[in-house]
Amino acid sequence: MENGTGDEQNHTGLLLSSQEFVTAEYQVVTILLVLLICGLGIVGNIMVVLVVLRTKHMRTPTNCYLVSLAVADLMVLVAAGLPNITESLYKSWVYGYVGCLCITYLQYLGINASSFSITAFTIERYIAICHPIKAQFLCTFSRAKKIIIFVWSFASVYCMLWFFLLDLNIAVYKDTTVVSCGYKVSRSYYSPIYMMDFGIFYVLPMVLATVLYGLIARILFLNPIPSDPKENSNTWKNDMAQQNKTVNSKMTNKSFNSTIASRRQVTKMLAVVVVLFAFLWMPYRTLVVVNSFLSSPFQENWFLLFCRICIYLNSAINPVIYNLMSQKFRAAFRKLCNCHLKRDKKPANYSVALNYNVIKESDHFSSEIEDITVTNTYLSSAKTSIGDTCLSSEA
């Protein structure tokens, strides 16, 4: 994806450099950075998909959107990062005409799907927190799956436009021939498409996210007590007291405060994802806009590398954010690793009675770090008899 070349040399792909002018130092730095970032990102995003699909309590609408985002990021890392490595090694396009079409298509599909996935979970968070009654029938897992299918279907059809713009460009020099995946039309034809992408998949999602997270912050941080009558604390206390007067009466305030803290934490985590998306995509998007108005586009190799690294970081960093800011994701990642390490060991049979006290809030459909409080008495006894379990054996 580059708008940084002139009509006489129309390269495509994620900001591929002018290979005939790169130095050995540039090649080494490119290969090492791309391998490191893309490798970690691929592993991290695969883990996100696995923990959500294999852990029952992680299958929430918000996590459904995060799986969509992880798949899109995987597509970007594989379709954009790996071709950059081969071009740095061979200084030429090695995947042929079909590879040129398919790889470029997958790059744009991943980028556009990730942008819409972020927009989808932003809207879902807004409804869940600012309109908790509506969230009970709008923020459901089945509806989230339908929205994701629509997002990917729309992005798939939209990105087919690139099939009609791409071709292999061959440059013949005295001692070598360089093949590149580029455009078969002049820059005046494909620049408007870049500008349309800029508006639909960057400006619009970021403006919408800014407005919605502002409204969320006003409700969640300035007035944390939910306005939904079903969540009235006094009613909740009375109902819980009738069910378990001895244990639950001591946990009412703590559990309710824990729910509020959980809602804040998940909102902070998703807001960080959006902010990083905005800042890490800004160098590339800015370059595209600026080059659209320059007669001789700016294409300094080191700056192009910087733009690429920012894009790869955006696709690779989300699993790190989940691990740092979500206790449930952190525990699920740990269980996934332990499950593979202990796969050959047969777990001991056990039978332990646990008393669960679930806090039901109107946005429980969408909170991936929603707390399930276990009484201290049973928890202490459970710790002595329950070992590590794999993700598929969640209570």
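Placement of Cβ uses the backbone N, Cα and C atoms for every residue, glycine included.
Here Swiss-Prot flags 1-30 (among others) as topological domain 'Extracellular', drawing on sequence analysis.
Annotation comment: Swiss-Prot describes ASN3 (among others) as N-linked glycosylation site.
What Swiss-Prot lists as N-linked glycosylation site is ASN10 (among others), and the listing cites sequence analysis.
The transmembrane segment annotation in Swiss-Prot covers 31-53 (among others). Among residues of the same chain six or more beyond the transmembrane segment (31-53), those with a C-beta under 8 A of the stretch's C-beta atoms are 59, 63-64, 66-67, 70-71, 73-74, 77-78, 81-82, 84-85, 88-89, 305, 308-309, 312-313, 315-320, 322, 329, 332-333, 335-336, 391.
Under the heading topological domain 'Cytoplasmic', Swiss-Prot lists 54-63 (among others), citing sequence analysis as support.
The transmembrane segment annotation in Swiss-Prot covers 64-85 (among others) and is backed by sequence analysis.
When the topological domain 'Extracellular' (86-101) is classified with DSSP, helix, strand and coil residues number 11 helix, 0 strand, 5 coil. Annotation source Swiss-Prot lists topological domain 'Extracellular' at 86-101 (among others), citing sequence analysis.
Positions annotated as disulfide bond by Swiss-Prot, on the basis of sequence analysis: CYS100-CYS181. There are 25 other Cβ atoms within 10 Å of the Cβ belonging to CYS181 (disulfide bond).
For 102-123 (among others), the entry in Swiss-Prot reads transmembrane segment, with the evidence type sequence analysis.
Among the features that Swiss-Prot reports, topological domain 'Cytoplasmic' is placed at 124-146 (among others).
Within the same chain, residues 9-12, 64-65, 68, 93, 96-97, 100-101, 104-105, 108-109, 112-113, 116-117, 120, 177-185, 189-190, 193 sit at least 6 positions outside the transmembrane segment (147-170) and bring their C-beta atoms closer than 8 Å to a C-beta of that stretch. For 147-170 (among others), the entry in Swiss-Prot reads transmembrane segment.
Residues or ranges marked as topological domain 'Extracellular' by Swiss-Prot on the basis of sequence analysis: 171-195 (among others).
Swiss-Prot lists 196-217 (among others) with the feature transmembrane segment. Same-chain residues lying 6 or more positions outside the transmembrane segment (196-217) and placing a CB less than 8 Å from one of its CB atoms are 108, 111-112, 115-116, 118-119, 122-123, 125-126, 129-130, 267, 271, 274, 278, 281, 285, 288-289.
According to Swiss-Prot, the topological domain 'Cytoplasmic' annotation covers 218-268 (among others), on the basis of sequence analysis.
Under the heading transmembrane segment, Swiss-Prot lists 269-290 (among others).
Feature annotation from Swiss-Prot assigns topological domain 'Extracellular' to 291-298 (among others).
Remote same-chain residues near the transmembrane segment (269-290) are listed as 1, 3-4, 15, 62, 69, 114-115, 118, 121-122, 125, 194-195, 198, 202, 206, 209, 213, 298, 303, 306-308, 310-311, 313-314, 317-318, 321-322, 325-326, 369 (criterion: CB distance under 8 Å, separation of at least six residues from the stretch ends).
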